[in-house]
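All remarks here apply to the structure that follows.
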Amino acid sequence: MKAYLDLMRHVLDNGTDKSDRTGTGTRSVFGYQMRFDLGKGFPLLTTKKLHLRSIIHELLWFLKGDTNIKYLKDNNVSIWDEWADENGDLGPVYGYQWRSWPAPDGRHIDQIANVVEQIKKNPDSRRLIVSAWNPALVDEMALPPCHALFQFYVADGKLSCQLYQRSADIFLGVPFNIASYALLTMMMAQVCGLEAGEFVHTFGDAHLYRNHFEQAALQLEREPRALPVMKINPEVKDLFAFKFEDFELEGYDPHPHIKAVVSV
C-alpha cells in the first residue's frame, strides 16, 4: 500500500491548509489518483489494522439499498452512528441512489442491476456508471456522498473500476473506501464471469484533518507488509445474494490499530 502512504506524504508536504465544514481544519490537495492491481493482493491497509467486518457489512448494506442503520447496528457496525437521526434513518444516501434512483416520471432506477446487465450484454459500453450524487436530494441526505460516482471498464477478460471521490478523509475514510470498492469490483467480476482487474481511485479534495497529523506521521514510520488475499465464495453468481460468510481474508498481518477522532 505504498500508493496510500505516498498520498498521505504528498498532502502533508504539499497540501494547502484550509478551513472546513466541521471546524477542525484540514490540509488538502485537489486532484490525485492511485491505482491498485487486484491480481496482486487485496488492498487492505497493512500499516494499521482495519476493521474488515465494518467494510464488508457496509458494502452489503449499500447493495441492499438500505438507508437505516439497523442492519449495521445488528452486526456491530457503528461507522454511520454519528449521522443517523433518532430513528436510525440517514435519508436518501448511497443505497437509495444505487438501487432506487427516482426518475421524474415516478420510476425508480436500479443503477447497480442495470450495470451488471450491461457488463454482461455490452462489456465495451462506456456507460457502465453508477452515481450517488443526486443534486435534487443532496439536502435531504444526512451526509452527501463523498464517493460520488464510479465507472466500470472491461478489457482482456478483466473488470476494472474507477471511483471519483469528491471529498476524501485520508486517514480514516480512504482506507475503507479502497477496500470497499476493491471488494465490489471483485464481486461484480465474479457474477459477470470476469477476472478482477484494477481499482483506480481518483480524488477531488483529498485532505488530512489537523487532528490526524500525529497519527499520519506515525503511520508513515511503518513499513508496509505483504497484502492479504480475499477469498470469495465461488458459488455466488447473484450480486445481491452475497452474505458476510461468503468472504474470507487470508494472510492479513497488519501493524497495530491507530486511534483517531472522526470529524462530523
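All positions are counted from 1 along the displayed chain.
Quick reminder: no glycine exception, Cβ is built from N, Cα and C everywhere.
Small disclaimer: the values here were computed from a predicted structure and weren't measured.
Site annotation for dUMP in Swiss-Prot covers R21, R126, R127, R166, S167, A168, D169, H207, L208, Y209, and the matching candidate from N134, N177, N233 is N177.
A Cα-Cα distance of 5 Å separates C146 (active site, nucleophile) from S167 (dUMP binding site). A distance of 8 Å separates the Cα atom of Y209 (dUMP binding site) from that of S263 ((6R)-5,10-methylene-5,6,7,8-tetrahydrofolate binding site).
A simple Cβ count within 10 Å picks out one of the binding-site residues R21, H51, R127, H207 as the most packed, and that one is H207. It is 33 Å from the Cα atom of R127 (dUMP binding site) to that of H51 ((6R)-5,10-methylene-5,6,7,8-tetrahydrofolate binding site). Shown in sequence order, C146, H207, Y209, V262, S263 are the residues of the chain, 6+ apart in sequence, with a C-beta less than 8 angstroms from the C-beta of D169 (dUMP binding site).
Taking the C-alpha positions, the distance from R21 (dUMP binding site) to H51 ((6R)-5,10-methylene-5,6,7,8-tetrahydrofolate binding site) comes to 27 Å.
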